[in-house]
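Swiss-Prot has this to say about the protein:
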ACT_SITE  His162  active site
ACT_SITE  Glu164  active site
BINDING   Ser217, Gly218, Gly219, Val220, Asp221, Ser222, Thr223  ATP binding site
DOMAIN    3-188  domain 'Glutamine amidotransferase type-1'
DOMAIN    189-381  domain 'GMPS ATP-PPase'
Amino acid sequence: MRGFVILDFGSQFTQLIARRLREMGFYSEIHSFEYPTEEIRKKNPYGIILSGGPNSVYEAGSPQRNVAELRNISPVMGVCYGMQLLTHQLGGKVTRAEHREYGLNYVTWSSPVQGVPERQKVWMSHGDVVEKAPEGFKIIANSDGHHPAAMQGPGVLAVQFHPEVAHTDHGMDLLKYFAQGMCKAPADWDAPHIKDILIKEAQDKVGPTDHVLVGLSGGVDSTVVATLLTKALGAERVHCVFVDNGLLRKNEYEAVLESYHRIGLNVRGVDASEEFLSALQGKSDPEDKRKTIGRVFIEVFDKSYDHKLPIKWLAQGTLYPDVIESVSSVGGSVTIKSHHNVGGLPEKMKLGLVEPVRELFKDEVRALGAQLGLPKEMLWRHPFPGPGLAIRVLGEVTKEKLQILKEADDVYISELRRRGLYEKIWQAFCVLLPVKTVGVQGDSRTYDHVLALRAVTSSDGMTADWYPFEFQFLREVSNLITNKVKGVNRVVYDVTSKPPGTIEWE
(Lines of atoms letter the chains of each structure in order from A; the text may use other names.)
(Lines give C-alpha, C1' and ligand atoms only; values in the text may rest on other atoms or scores of the structure.)
Protein backbone atom coordinates (compact mmCIF):
# COMPACT_ATOMS: atom_id res chain seq x y z
CA MET A 1 0.00 0.00 0.00
CA ARG A 2 1.22 3.48 -0.80
CA GLY A 3 2.05 5.56 2.25
CA PHE A 4 5.01 7.07 4.08
CA VAL A 5 8.50 5.62 4.50
CA ILE A 6 10.16 6.39 7.83
CA LEU A 7 13.92 5.86 7.90
CA ASP A 8 15.14 4.96 11.39
CA PHE A 9 18.36 6.62 12.54
CA GLY A 10 18.11 5.17 16.04
CA SER A 11 15.62 7.35 17.91
CA GLN A 12 13.64 5.80 20.73
CA PHE A 13 10.63 7.68 19.29
CA THR A 14 10.78 6.41 15.69
CA GLN A 15 7.87 4.03 16.20
CA LEU A 16 5.75 6.88 17.51
CA ILE A 17 6.08 8.69 14.18
CA ALA A 18 4.45 5.73 12.45
CA ARG A 19 1.88 5.47 15.20
CA ARG A 20 0.84 9.12 14.93
CA LEU A 21 0.58 9.06 11.13
CA ARG A 22 -1.61 5.96 11.25
CA GLU A 23 -3.84 7.54 13.89
CA MET A 24 -4.58 10.28 11.36
CA GLY A 25 -5.28 7.75 8.58
CA PHE A 26 -1.91 7.77 6.79
CA TYR A 27 -0.26 4.39 6.24
CA SER A 28 3.41 4.38 7.23
CA GLU A 29 6.19 1.85 7.62
CA ILE A 30 9.60 1.93 9.28
CA HIS A 31 12.85 0.88 7.64
CA SER A 32 16.52 1.09 8.51
CA PHE A 33 18.29 4.28 7.43
CA GLU A 34 20.21 2.03 5.01
CA TYR A 35 17.05 0.91 3.19
CA PRO A 36 17.95 0.94 -0.54
CA THR A 37 16.88 3.98 -2.52
CA GLU A 38 15.54 1.80 -5.33
CA GLU A 39 13.29 -0.05 -2.88
CA ILE A 40 11.94 3.28 -1.64
CA ARG A 41 11.38 4.39 -5.22
CA LYS A 42 9.38 1.22 -5.94
CA LYS A 43 7.06 2.02 -3.04
CA ASN A 44 6.34 5.45 -4.54
CA PRO A 45 5.77 6.97 -1.08
CA TYR A 46 3.81 10.14 -0.56
CA GLY A 47 6.61 11.31 1.69
CA ILE A 48 9.81 10.24 3.45
CA ILE A 49 10.59 11.01 7.10
CA LEU A 50 14.09 10.94 8.58
CA SER A 51 13.88 10.09 12.28
CA GLY A 52 15.90 11.42 15.15
CA GLY A 53 18.91 9.59 16.53
CA PRO A 54 21.59 9.71 19.26
CA ASN A 55 24.54 10.50 16.99
CA SER A 56 26.22 13.64 15.70
CA VAL A 57 26.43 14.03 11.93
CA TYR A 58 30.17 14.67 12.34
CA GLU A 59 30.93 11.52 14.34
CA ALA A 60 32.89 8.78 12.63
CA GLY A 61 30.49 5.96 11.87
CA SER A 62 27.36 8.05 12.38
CA PRO A 63 24.42 6.94 10.20
CA GLN A 64 24.43 8.81 6.88
CA ARG A 65 22.12 8.91 3.90
CA ASN A 66 22.17 10.62 0.50
CA VAL A 67 19.23 12.93 1.11
CA ALA A 68 19.47 14.51 -2.35
CA GLU A 69 18.39 11.16 -3.82
CA LEU A 70 15.43 11.03 -1.45
CA ARG A 71 14.29 14.52 -2.46
CA ASN A 72 14.00 13.27 -6.03
CA ILE A 73 11.45 10.67 -4.92
CA SER A 74 9.03 12.62 -2.70
CA PRO A 75 8.85 15.40 -0.09
CA VAL A 76 11.14 14.82 2.88
CA MET A 77 10.70 15.66 6.56
CA GLY A 78 13.60 15.64 9.00
CA VAL A 79 13.09 15.21 12.75
CA CYS A 80 15.91 16.21 15.15
CA TYR A 81 18.93 14.26 13.78
CA GLY A 82 17.03 14.19 10.48
CA MET A 83 17.10 18.00 10.38
CA GLN A 84 20.82 18.04 11.12
CA LEU A 85 21.51 15.45 8.43
CA LEU A 86 19.56 17.43 5.84
CA THR A 87 21.46 20.59 6.79
CA HIS A 88 24.85 18.88 6.75
CA GLN A 89 24.37 17.17 3.39
CA LEU A 90 22.69 20.05 1.58
CA GLY A 91 25.41 22.60 2.29
CA GLY A 92 24.34 24.14 5.59
CA LYS A 93 26.27 24.09 8.85
CA VAL A 94 25.71 22.07 12.03
CA THR A 95 27.65 22.79 15.23
CA ARG A 96 27.79 21.54 18.80
CA ALA A 97 25.44 23.57 21.01
CA GLU A 98 26.99 25.34 23.98
CA HIS A 99 24.03 24.21 26.06
CA ARG A 100 22.16 21.03 25.20
CA GLU A 101 18.41 21.47 24.63
CA TYR A 102 16.61 18.61 26.32
CA GLY A 103 13.05 18.10 27.57
CA LEU A 104 10.22 20.63 27.40
CA ASN A 105 11.02 23.85 25.56
CA TYR A 106 9.21 26.53 23.60
CA VAL A 107 9.63 27.55 19.98
CA THR A 108 8.33 30.61 18.17
CA TRP A 109 7.23 30.34 14.54
CA SER A 110 8.06 33.23 12.23
CA SER A 111 6.23 31.64 9.30
CA PRO A 112 2.80 30.19 10.14
CA VAL A 113 2.13 26.47 9.73
CA GLN A 114 -1.50 25.42 9.46
CA GLY A 115 -2.85 24.20 12.80
CA VAL A 116 0.27 25.16 14.78
CA PRO A 117 0.22 28.22 17.10
CA GLU A 118 2.87 30.92 16.80
CA ARG A 119 4.29 29.86 20.17
CA GLN A 120 4.48 26.13 20.68
CA LYS A 121 5.50 23.85 23.56
CA VAL A 122 7.76 21.08 22.25
CA TRP A 123 9.94 18.18 23.37
CA MET A 124 13.61 18.47 22.45
CA SER A 125 16.54 16.09 22.81
CA HIS A 126 19.67 17.25 21.00
CA GLY A 127 23.21 18.48 21.50
CA ASP A 128 23.92 19.72 17.96
CA VAL A 129 22.19 22.69 16.36
CA VAL A 130 21.81 24.17 12.90
CA GLU A 131 23.99 27.27 12.64
CA LYS A 132 23.32 27.97 8.98
CA ALA A 133 20.50 26.63 6.80
CA PRO A 134 21.30 25.25 3.33
CA GLU A 135 20.96 27.60 0.37
CA GLY A 136 17.32 27.99 -0.65
CA PHE A 137 16.08 27.11 2.86
CA LYS A 138 14.40 29.43 5.33
CA ILE A 139 14.47 29.22 9.12
CA ILE A 140 10.79 29.33 10.09
CA ALA A 141 10.98 28.77 13.87
CA ASN A 142 13.46 29.41 16.67
CA SER A 143 13.79 28.03 20.18
CA ASP A 144 13.94 30.15 23.32
CA GLY A 145 17.64 29.31 23.26
CA HIS A 146 17.84 31.28 19.99
CA HIS A 147 18.62 28.20 17.88
CA PRO A 148 16.81 27.27 14.65
CA ALA A 149 13.94 24.94 15.55
CA ALA A 150 12.47 24.45 12.07
CA MET A 151 13.40 25.14 8.47
CA GLN A 152 11.72 24.72 5.12
CA GLY A 153 12.96 24.45 1.56
CA PRO A 154 11.71 23.09 -1.75
CA GLY A 155 9.97 19.81 -0.88
CA VAL A 156 11.55 19.70 2.58
CA LEU A 157 10.34 20.40 6.12
CA ALA A 158 12.66 19.88 9.09
CA VAL A 159 12.20 20.38 12.83
CA GLN A 160 14.68 20.24 15.71
CA PHE A 161 12.12 18.76 18.12
CA HIS A 162 9.89 15.68 18.30
CA PRO A 163 6.35 16.32 16.99
CA GLU A 164 5.52 12.64 17.50
CA VAL A 165 5.67 12.63 21.33
CA ALA A 166 2.68 13.54 23.48
CA HIS A 167 4.68 16.26 25.28
CA THR A 168 4.75 18.35 22.08
CA ASP A 169 1.61 20.45 21.72
CA HIS A 170 0.09 20.41 18.22
CA GLY A 171 2.65 17.83 17.11
CA MET A 172 -0.06 15.92 15.24
CA ASP A 173 -1.02 19.12 13.42
CA LEU A 174 2.56 19.54 12.25
CA LEU A 175 2.71 15.96 10.97
CA LYS A 176 -0.65 16.46 9.29
CA TYR A 177 0.67 19.62 7.60
CA PHE A 178 3.53 17.58 6.14
CA ALA A 179 1.31 14.63 5.16
CA GLN A 180 -1.56 16.58 3.63
CA GLY A 181 -0.28 20.10 3.07
CA MET A 182 3.03 19.13 1.46
CA CYS A 183 2.57 15.52 0.36
CA LYS A 184 -1.14 15.67 -0.58
CA ALA A 185 -1.65 12.20 0.91
CA PRO A 186 -5.19 10.86 1.34
CA ALA A 187 -6.22 9.75 4.84
CA ASP A 188 -7.37 6.29 3.73
CA TRP A 189 -5.82 3.99 6.35
CA ASP A 190 -8.81 2.66 8.35
CA ALA A 191 -10.24 -0.64 9.54
CA PRO A 192 -12.35 -1.47 6.44
CA HIS A 193 -9.37 -0.74 4.20
CA ILE A 194 -7.01 -2.74 6.43
CA LYS A 195 -9.39 -5.71 6.37
CA ASP A 196 -9.60 -5.73 2.58
CA ILE A 197 -5.82 -5.43 2.19
CA LEU A 198 -5.00 -8.19 4.68
CA ILE A 199 -7.58 -10.60 3.26
CA LYS A 200 -6.10 -10.19 -0.21
CA GLU A 201 -2.53 -10.52 1.12
CA ALA A 202 -3.46 -13.75 2.92
CA GLN A 203 -5.10 -15.16 -0.19
CA ASP A 204 -2.09 -14.26 -2.33
CA LYS A 205 0.48 -15.67 0.11
CA VAL A 206 -1.27 -18.91 1.03
CA GLY A 207 -2.55 -19.63 -2.45
CA PRO A 208 -5.74 -21.36 -3.59
CA THR A 209 -5.16 -24.83 -2.12
CA ASP A 210 -2.77 -24.67 0.86
CA HIS A 211 -4.09 -25.00 4.41
CA VAL A 212 -3.01 -23.01 7.47
CA LEU A 213 -2.40 -24.06 11.07
CA VAL A 214 -3.15 -21.35 13.64
CA GLY A 215 -1.86 -21.47 17.18
CA LEU A 216 -4.45 -19.79 19.39
CA SER A 217 -3.41 -18.32 22.74
CA GLY A 218 -6.74 -17.00 23.97
CA GLY A 219 -5.63 -13.43 23.35
CA VAL A 220 -6.88 -10.77 20.97
CA ASP A 221 -4.09 -11.04 18.40
CA SER A 222 -4.29 -14.74 17.58
CA THR A 223 -8.10 -14.63 17.68
CA VAL A 224 -8.19 -11.81 15.12
CA VAL A 225 -5.64 -13.64 12.95
CA ALA A 226 -7.70 -16.85 12.97
CA THR A 227 -10.90 -14.95 12.17
CA LEU A 228 -9.23 -13.00 9.37
CA LEU A 229 -7.77 -16.14 7.79
CA THR A 230 -11.10 -17.94 8.10
CA LYS A 231 -12.72 -15.04 6.27
CA ALA A 232 -10.01 -15.08 3.60
CA LEU A 233 -9.61 -18.83 3.06
CA GLY A 234 -12.66 -20.55 4.54
CA ALA A 235 -12.92 -22.53 7.78
CA GLU A 236 -12.12 -25.82 6.05
CA ARG A 237 -8.60 -24.55 5.21
CA VAL A 238 -7.83 -22.88 8.55
CA HIS A 239 -7.08 -25.39 11.30
CA CYS A 240 -6.89 -23.78 14.73
CA VAL A 241 -5.20 -25.40 17.70
CA PHE A 242 -5.74 -24.12 21.22
CA VAL A 243 -3.21 -25.66 23.54
CA ASP A 244 -3.62 -26.06 27.26
CA ASN A 245 0.02 -25.54 28.09
CA GLY A 246 -0.60 -25.47 31.82
CA LEU A 247 0.38 -21.79 31.76
CA LEU A 248 -3.06 -20.25 31.27
CA ARG A 249 -5.08 -18.41 33.89
CA LYS A 250 -7.68 -20.04 36.14
CA ASN A 251 -10.45 -21.79 34.14
CA GLU A 252 -9.24 -20.03 31.00
CA TYR A 253 -8.82 -23.06 28.77
CA GLU A 254 -12.43 -24.24 29.00
CA ALA A 255 -13.97 -20.76 28.74
CA VAL A 256 -11.89 -19.66 25.77
CA LEU A 257 -12.34 -22.92 23.86
CA GLU A 258 -16.11 -22.55 24.16
CA SER A 259 -15.96 -18.96 22.87
CA TYR A 260 -13.90 -20.07 19.85
CA HIS A 261 -16.54 -22.61 18.90
CA ARG A 262 -19.21 -19.95 19.34
CA ILE A 263 -17.65 -17.58 16.78
CA GLY A 264 -17.28 -20.36 14.21
CA LEU A 265 -13.58 -21.20 14.25
CA ASN A 266 -12.42 -24.65 13.19
CA VAL A 267 -10.60 -25.31 16.47
CA ARG A 268 -9.24 -28.31 18.31
CA GLY A 269 -8.23 -28.26 21.98
CA VAL A 270 -5.04 -30.06 23.00
CA ASP A 271 -3.93 -30.80 26.57
CA ALA A 272 -0.13 -30.57 26.53
CA SER A 273 0.38 -29.17 30.01
CA GLU A 274 2.65 -32.01 31.13
CA GLU A 275 4.91 -31.59 28.09
CA PHE A 276 5.41 -27.89 28.75
CA LEU A 277 5.98 -28.21 32.47
CA SER A 278 8.42 -31.05 31.92
CA ALA A 279 10.38 -29.03 29.35
CA LEU A 280 10.50 -26.03 31.69
CA GLN A 281 11.81 -28.03 34.64
CA GLY A 282 15.06 -26.56 35.93
CA LYS A 283 14.90 -23.51 33.66
CA SER A 284 14.91 -20.11 35.35
CA ASP A 285 16.39 -17.76 32.74
CA PRO A 286 13.56 -15.84 31.01
CA GLU A 287 15.09 -16.11 27.53
CA ASP A 288 15.55 -19.84 28.02
CA LYS A 289 11.93 -20.19 29.14
CA ARG A 290 10.59 -18.23 26.16
CA LYS A 291 12.58 -20.21 23.62
CA THR A 292 11.72 -23.51 25.29
CA ILE A 293 8.02 -22.67 25.13
CA GLY A 294 8.35 -21.65 21.47
CA ARG A 295 10.05 -24.95 20.67
CA VAL A 296 7.47 -27.07 22.49
CA PHE A 297 4.62 -25.19 20.81
CA ILE A 298 5.97 -26.18 17.41
CA GLU A 299 6.40 -29.79 18.53
CA VAL A 300 2.83 -29.88 19.84
CA PHE A 301 1.45 -28.32 16.67
CA ASP A 302 3.32 -30.85 14.60
CA LYS A 303 1.47 -33.65 16.39
CA SER A 304 -1.91 -31.93 16.59
CA TYR A 305 -3.13 -32.07 13.01
CA ASP A 306 -3.66 -34.56 10.24
CA HIS A 307 -0.44 -34.58 8.21
CA LYS A 308 -2.37 -35.82 5.20
CA LEU A 309 -3.93 -32.37 4.93
CA PRO A 310 -2.09 -29.88 2.68
CA ILE A 311 -1.05 -27.68 5.62
CA LYS A 312 1.90 -25.58 4.53
CA TRP A 313 1.67 -22.56 6.82
CA LEU A 314 1.77 -21.68 10.50
CA ALA A 315 -0.01 -18.42 11.41
CA GLN A 316 0.88 -16.22 14.36
CA GLY A 317 -0.41 -13.01 15.91
CA THR A 318 2.86 -11.12 15.86
CA LEU A 319 2.36 -7.34 16.15
CA TYR A 320 4.51 -4.40 15.09
CA PRO A 321 5.73 -3.68 18.66
CA ASP A 322 6.77 -7.36 18.94
CA VAL A 323 8.93 -7.00 15.86
CA ILE A 324 10.34 -3.66 16.99
CA GLU A 325 11.29 -5.02 20.43
CA SER A 326 13.00 -8.03 18.89
CA VAL A 327 15.11 -6.35 16.21
CA SER A 328 18.37 -4.50 16.83
CA SER A 329 18.80 -1.33 14.79
CA VAL A 330 22.12 -0.11 13.44
CA GLY A 331 20.87 3.35 14.27
CA GLY A 332 21.03 2.73 17.98
CA SER A 333 18.06 0.66 19.17
CA VAL A 334 19.01 -2.49 21.04
CA THR A 335 17.37 -5.87 21.53
CA ILE A 336 15.21 -5.67 24.64
CA LYS A 337 14.07 -9.30 24.73
CA SER A 338 13.22 -11.95 22.20
CA HIS A 339 9.52 -12.17 21.55
CA HIS A 340 7.89 -15.59 21.69
CA ASN A 341 6.51 -15.02 18.18
CA VAL A 342 9.90 -14.03 16.77
CA GLY A 343 13.13 -15.09 18.45
CA GLY A 344 11.48 -17.95 20.31
CA LEU A 345 10.83 -19.98 17.18
CA PRO A 346 13.22 -22.75 16.21
CA GLU A 347 15.19 -22.19 13.05
CA LYS A 348 14.11 -25.43 11.40
CA MET A 349 10.35 -25.04 11.06
CA LYS A 350 8.49 -27.58 9.02
CA LEU A 351 5.91 -24.97 8.01
CA GLY A 352 6.12 -21.56 6.42
CA LEU A 353 5.25 -18.58 8.60
CA VAL A 354 2.34 -16.24 7.95
CA GLU A 355 1.86 -13.19 10.20
CA PRO A 356 -1.11 -11.19 8.87
CA VAL A 357 -1.07 -8.45 11.55
CA ARG A 358 2.70 -8.12 11.80
CA GLU A 359 2.58 -4.47 10.68
CA LEU A 360 -0.29 -3.42 12.98
CA PHE A 361 -0.42 -1.86 16.42
CA LYS A 362 -2.73 -3.28 19.08
CA ASP A 363 -5.52 -0.73 18.65
CA GLU A 364 -5.47 -1.36 14.89
CA VAL A 365 -5.88 -5.09 15.57
CA ARG A 366 -8.87 -4.40 17.80
CA ALA A 367 -10.43 -2.15 15.16
CA LEU A 368 -9.83 -4.91 12.59
CA GLY A 369 -11.46 -7.46 14.90
CA ALA A 370 -14.52 -5.25 15.29
CA GLN A 371 -14.69 -4.92 11.50
CA LEU A 372 -14.61 -8.73 11.31
CA GLY A 373 -17.56 -8.93 13.71
CA LEU A 374 -15.84 -10.23 16.85
CA PRO A 375 -17.67 -9.55 20.14
CA LYS A 376 -16.42 -6.73 22.37
CA GLU A 377 -15.57 -9.02 25.29
CA MET A 378 -13.08 -10.92 23.11
CA LEU A 379 -11.51 -7.79 21.64
CA TRP A 380 -10.98 -5.98 24.92
CA ARG A 381 -9.37 -8.75 26.90
CA HIS A 382 -6.11 -7.56 28.36
CA PRO A 383 -3.02 -8.63 26.40
CA PHE A 384 -1.69 -12.01 27.48
CA PRO A 385 1.80 -13.18 26.47
CA GLY A 386 2.32 -16.32 24.43
CA PRO A 387 4.55 -17.86 27.13
CA GLY A 388 1.66 -17.29 29.54
CA LEU A 389 2.22 -17.48 33.28
CA ALA A 390 5.72 -18.90 32.73
CA ILE A 391 7.06 -15.35 32.49
CA ARG A 392 4.97 -14.21 35.46
CA VAL A 393 6.49 -16.85 37.70
CA LEU A 394 9.97 -15.43 38.04
CA GLY A 395 12.58 -18.15 38.11
CA GLU A 396 11.76 -21.83 37.73
CA VAL A 397 8.15 -22.74 36.98
CA THR A 398 6.49 -25.40 39.14
CA LYS A 399 2.90 -26.62 39.52
CA GLU A 400 2.78 -25.24 43.06
CA LYS A 401 3.88 -21.75 41.99
CA LEU A 402 1.48 -21.76 39.05
CA GLN A 403 -1.44 -22.65 41.32
CA ILE A 404 -0.58 -19.79 43.68
CA LEU A 405 -0.32 -17.34 40.79
CA LYS A 406 -3.57 -18.49 39.17
CA GLU A 407 -5.54 -18.03 42.39
CA ALA A 408 -4.03 -14.62 43.13
CA ASP A 409 -4.55 -13.38 39.57
CA ASP A 410 -8.18 -14.51 39.68
CA VAL A 411 -8.78 -12.48 42.86
CA TYR A 412 -7.09 -9.40 41.39
CA ILE A 413 -8.82 -9.42 37.99
CA SER A 414 -12.20 -10.25 39.54
CA GLU A 415 -11.91 -7.18 41.76
CA LEU A 416 -10.98 -5.00 38.78
CA ARG A 417 -14.08 -6.18 36.92
CA ARG A 418 -16.35 -5.84 39.95
CA ARG A 419 -15.27 -2.23 40.51
CA GLY A 420 -15.49 -1.20 36.84
CA LEU A 421 -11.74 -0.72 36.49
CA TYR A 422 -10.89 -3.50 34.04
CA GLU A 423 -11.68 -1.56 30.85
CA LYS A 424 -9.83 1.52 32.09
CA ILE A 425 -6.58 -0.43 32.22
CA TRP A 426 -4.50 -1.63 29.26
CA GLN A 427 -3.07 -4.64 31.08
CA ALA A 428 -3.21 -5.97 34.63
CA PHE A 429 -1.71 -9.11 36.12
CA CYS A 430 0.14 -10.63 39.05
CA VAL A 431 3.79 -11.64 39.21
CA LEU A 432 5.06 -14.28 41.65
CA LEU A 433 8.50 -13.24 42.85
CA PRO A 434 11.34 -15.71 43.53
CA VAL A 435 11.65 -14.58 47.14
CA LYS A 436 9.89 -15.41 50.38
CA THR A 437 9.38 -13.22 53.41
CA VAL A 438 8.45 -13.73 57.04
CA GLY A 439 4.88 -12.95 57.99
CA VAL A 440 2.29 -13.51 60.69
CA GLN A 441 -1.05 -15.10 59.85
CA GLY A 442 -3.44 -16.44 62.46
CA ASP A 443 -0.93 -15.94 65.29
CA SER A 444 1.55 -18.16 63.45
CA ARG A 445 4.82 -17.34 61.74
CA THR A 446 4.76 -17.79 57.97
CA TYR A 447 7.48 -17.83 55.36
CA ASP A 448 5.73 -17.40 52.03
CA HIS A 449 5.93 -15.80 48.61
CA VAL A 450 5.87 -12.13 47.65
CA LEU A 451 3.33 -11.23 44.96
CA ALA A 452 3.58 -8.13 42.78
CA LEU A 453 0.54 -6.47 41.22
CA ARG A 454 1.00 -4.79 37.84
CA ALA A 455 -1.47 -2.48 36.05
CA VAL A 456 -0.62 -0.10 33.22
CA THR A 457 -2.31 2.29 30.83
CA SER A 458 -1.17 2.47 27.22
CA SER A 459 -2.45 3.03 23.69
CA ASP A 460 -0.23 0.62 21.79
CA GLY A 461 2.15 -1.16 24.20
CA MET A 462 5.12 0.89 23.00
CA THR A 463 5.08 3.03 26.13
CA ALA A 464 3.06 2.60 29.32
CA ASP A 465 2.34 4.29 32.65
CA TRP A 466 1.42 2.53 35.88
CA TYR A 467 -2.23 2.89 36.84
CA PRO A 468 -2.84 5.21 39.85
CA PHE A 469 -5.06 3.02 42.02
CA GLU A 470 -6.58 4.55 45.12
CA PHE A 471 -4.77 3.35 48.24
CA GLN A 472 -7.99 1.86 49.59
CA PHE A 473 -8.24 -0.43 46.55
CA LEU A 474 -4.67 -1.64 47.02
CA ARG A 475 -5.30 -2.22 50.72
CA GLU A 476 -8.43 -4.27 50.08
CA VAL A 477 -6.97 -6.34 47.22
CA SER A 478 -3.85 -7.07 49.26
CA ASN A 479 -6.00 -8.27 52.16
CA LEU A 480 -8.13 -10.42 49.86
CA ILE A 481 -5.10 -12.10 48.30
CA THR A 482 -3.24 -12.79 51.54
CA ASN A 483 -6.43 -14.16 53.12
CA LYS A 484 -7.65 -16.25 50.17
CA VAL A 485 -4.45 -17.45 48.52
CA LYS A 486 -2.37 -19.95 50.41
CA GLY A 487 1.35 -19.33 49.88
CA VAL A 488 1.34 -15.51 49.69
CA ASN A 489 1.97 -13.32 52.74
CA ARG A 490 3.10 -10.07 51.13
CA VAL A 491 1.74 -8.00 48.21
CA VAL A 492 3.52 -5.11 46.48
CA TYR A 493 2.46 -2.79 43.64
CA ASP A 494 4.76 -2.08 40.68
CA VAL A 495 4.99 1.67 39.94
CA THR A 496 7.42 1.42 37.01
CA SER A 497 6.57 2.94 33.65
CA LYS A 498 7.75 1.76 30.22
CA PRO A 499 10.44 2.90 29.71
CA PRO A 500 12.53 2.24 31.77
CA GLY A 501 10.82 -1.08 32.48
CA THR A 502 8.92 -3.35 30.11
CA ILE A 503 5.28 -4.19 30.82
CA GLU A 504 6.00 -7.84 31.59
CA TRP A 505 8.69 -8.57 34.17
CA GLU A 506 10.34 -11.23 32.00
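Quick reminder: no glycine exception, Cβ is built from N, Cα and C everywhere.
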Practice item. Select the closest residue to Glu164 (active site) from the following binding-site residues, measuring between CA atoms: Ser217, Gly218, Val220, Ser222. Key: Val220
Check your understanding: For Gly219 (ATP binding site), what is the secondary structure by DSSP, using just helix, strand and coil?
Key -> coil
Revision key, fill the gap. Counting only residues outside Ser217, Gly218, Gly219, Val220, Asp221, Ser222, Thr223 in the same chain, those with C-beta within 8 angstroms of the ATP site's C-beta centroid are Leu216, Val224, Val225, Gly317, Arg381, Phe384
Study note, to complete from the structure: Ordered by sequence, the long-range same-chain Cβ contacts of Gly218 (ATP binding site) under 8 Å (at least 6 apart) are Phe242, Leu248, Glu252, Tyr253, Val256, Arg381, Phe384
Practice item. Mind giving me a neighbour count for Glu164 (active site)? Other Cβ atoms within 10 Å of its Cβ, every protein chain shown. Key: 26
Point to revise | Neighbourhood of Thr223 (ATP binding site), C-beta criterion under 8 angstroms, separation at least six | key: Leu216, Tyr260, Gly317, Gly369, Leu374, Met378
Revision key, fill the gap. Here the 10 Å Cβ neighbour count for Val220 (ATP binding site) comes out at 24
Review point. Under a criterion of Cβ-Cβ distance under 8 Å and sequence separation of at least 6, what residues of the same chain contact Asp221 (ATP binding site)?
Key: Gly317, Thr318, Leu319, Val357, Lys362, Val365, Pro383
Practice item. With an 8 Å cut-off on Cβ-Cβ distance and a minimum sequence separation of at least 6, pull the same-chain contacts of Ser222 (ATP binding site), or say none. Key: Val214, Gly215, Leu216, Gln316, Gly317
Point to revise | Euclidean distance between Cα atoms of Val220 (ATP binding site) and His162 (active site), Å | key: 31
Practice item. Let me know how many other Cβ atoms fall within 10 Å of the Cβ of Gly219 (ATP binding site). Key: 19
